[in-house]
Amino acid sequence: MVMKSSCKHLIFFLLCLFLLLGFISAKVHYHEFIQEKQVKRLCNTSTIITVNGQFPGPTLEANNGDSLVIKVVNRVKYNISIHWHGLRQMRNGWADGVAYVTQCPIKYGGTYTYRINVENEEGTFWWHAHSPWLRVTVHGALIIYPKENSSYPFIQPQREVPIILGEWWIKNYIQMAKAALEIGVPPKVSDAILINGQPGDLFECSSKETTVIPATTGETLLLRFINAAMNTELFVSIAGHTMNVVAIDASYTKPFNTSYIMIAPGQSTDVLIQTTHYHGRFYIASHVFNSILPFIGLDNSTATAILNYDTITPTKPLLPLLPISSNRSSASAFGSRLRSPRRVIIPEPIDENLFIVVRIGLIERDIAASMNNVSFMLPKTNSILHAALFHEYGVFTTDFPSSPLEKLNKTIKGTRIYKMKYGSVVQMVLQGSNILLTEEHPMHLHGYDFYVLGTGIGKFKKKRDEYKLNMVDPPRRSTVGVPAGGWVVIRFVADNPGVWFLHCHNEMHTEFGLATAIWVENGVGEMESVISPPDDLPQC
């Protein structure tokens, strides 16, 4: 149910504790972060951090134009921050929730209140921990509905269902990832893909808990897919049903029908389906997309949920035909169909032209990820945003290169960011160029969405590829996939002052340094400047 008041107060806990805050004249939602919870998956019992006793965590709902107030109380042994993925946080990087970039993390026993204004935004967002590997289980959907008395630009659905795709490890994933990072090797791949927290009945010990979505003949359902997986791009299909894509990353699209979607970590995709059957059970199925799958041995097992029509006698669900896991052409074909609903005005002329090579390579004998030969290191003494606005030296430098360093075989470590003026028109060419393995990179820019002007395979060459760019109706995204060994071109106006993280949403790649940040300077006057930090901003 969507709250009718203009300010939503949400209280998050990181422990099994009930806390009452005395908010006046506003409804209050209570959410508890339970410190630990034992859950059983794949025939094994594991202890995980959950939100409100739920995994995935609770779905938060608001309307375009609302304000959100979320208090986080940390009672777990890990430092934590919460990111509100896809929300622009205009002039308010303090609420973006990136540990050591926009805030110091919330330490054990500490609290922090995120105050978020939702301005001209609606669609499928999500929230997740932005602390190493905690987002495996600390995540949930955030749905922003249109303003009251407004409607969607497509047929009104009778029901809406968030569907969160995730990953599962039988062993302790935090310890596993920490050990892998210390010795400079990739962590073990996940043991299963999850759909709303469950792997589905194709896995052992999982049939009773398989996610079931009820269906009634004659309905229009809006399915909001979110890829919360740590390292995995996914194909998704629904047996016996055609999906009509209507939005990506909380931006509406020109609708089109498809039998499958491809969705990268960090992305969301909204689809409409028509429930035309009278009875039966149909699998919603998902498995890995990775164009180098045959070479790295990733598990390509299929996760399932069930779309269940009214039926007296349960029948064996029908399984959809998914693209082969290494089928790059299917992934590219899906992406090529994404368009804005109408002609858009592309910002120009370009003020900042960046060519950024993203790659996985080596520093000595250890794996390192880099952007333009810089392997990013988070500071520890303060957040970059605080240091930038209050002129604190020694936390970062502003010498991130706008193009690759001359010696591509040399990678350096550092907290280097890129500085630009408010209002600049920015074009980025993101070029995949791995030394070890050619992998896809889902790149997420905090504080912004952007036009995706084009993508291709091979090295981007301006004279050859510039004419291919879509300057008419390119899609808008906040997370874009750089294809394996390929490129993508994005463009946006730097109209949100602050420090904003740019990183690969493959957690392993970010941990190895595939990240940087852009610092958009304050413009003229209060409305073009970062707001003052809140009094309860955590200290490092």
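Just so you know, glycine gets a Cβ as well, placed from its N, Cα and C.
The annotation signal peptide is assigned in TrEMBL to 1-26. According to TrEMBL, the feature domain 'Plastocyanin-like' maps to 34-148, 160-310, 411-522.
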Secondary structure composition of the domain 'Plastocyanin-like' (411-522) [DSSP: H/G/I, E/B, coil]: 12 helix, 55 strand, 45 coil
DSSP residue counts for the domain 'Plastocyanin-like' (34-148), split into helix, strand and coil: 6 helix, 58 strand, 51 coil
Whole-number mean of pLDDT values that fall within the domain 'Plastocyanin-like' (34-148): 91
